[in-house]
Amino acid sequence: MIRLFVAIELPEPIRNYLLRLQTGIRAAYWQRDDQLHLTLSFIGDVDEGTARDIDTALATITMPAFTIALDGAGLFGTMFKPRILWAGIAPRDPVIRLHDKIETAIRRLGLQLDDRKFAPHATLARIRDGRAAAPGVLQFLEAHGGLISASFEVNSFALYSSKLTDQGPQYHVEARYPLAGFADL
């Protein structure tokens, strides 16, 4: 079995920007450089044959390249028990369109996917003890809630595999899928 997800790779300058923000929260597991991405669809554990079918389905997706930026920060959970600290994305519409195309292609294979509403974001940290982390999360959001990055072009998306290790998840790009054309800058 192989654990798969689909994501947009973040350019190095954007990852470096996010890495510089990673401080000041007790009980936070900050994402490493190689873990920073924008998840489009979590697929889960599949066999090798299904993984090949997913690769074939994703290769049929067509969409123009587009430009986005990080925009704002927030959390999943509550201020008293935060679970995930994230950076938002703007504009959201092209990311949502790509997500919808990916999920449609995967569902056509008969796979079940999460039905929760898609919220485009890049995970910055996972919080292991929300109560202990709450003061630091509040300070982080006060300082960085209005974060805005430079714009960057999304001209591909990737199929990742994930292995859980003692050092946290290890991600590997299994395949990349180009988006057609060039984004309007």
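The backbone N, Cα and C atoms fix where each Cβ goes, and this holds for glycine too.
TrEMBL entries are annotated by machine, without manual review.
Annotated features, as they stand in TrEMBL:
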ACT_SITE  HIS37  active site, proton donor
ACT_SITE  HIS121  active site, proton acceptor
DOMAIN    8-86  domain 'Phosphoesterase HXTX'
DOMAIN    92-171  domain 'Phosphoesterase HXTX'
MOTIF     37-40  motif 'HXTX 1'
MOTIF     121-124  motif 'HXTX 2'
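With a cut-off of 8 Å between Cβ atoms, the residues of this chain six or more beyond the motif 'HXTX 1' (37-40) that come close are 5-10, 89, 95, 98-99, 102, 120-123, 157, 160, 171.
Just so you know, the Cβ of HIS37 (active site, proton donor) picks up 21 other Cβ atoms within 10 Å once every protein chain is counted. Across the structure, HIS37 (active site, proton donor) and the residue listed as 'active site, proton acceptor' place their CA atoms 9 angstrom apart. Take the CB of HIS121 (active site, proton acceptor) and look out to 10 A: across all protein chains shown you find 21 other CB atoms. Helix, strand and coil residue tallies for the domain 'Phosphoesterase HXTX' (8-86), in that order: 23 helix, 33 strand, 23 coil [DSSP].
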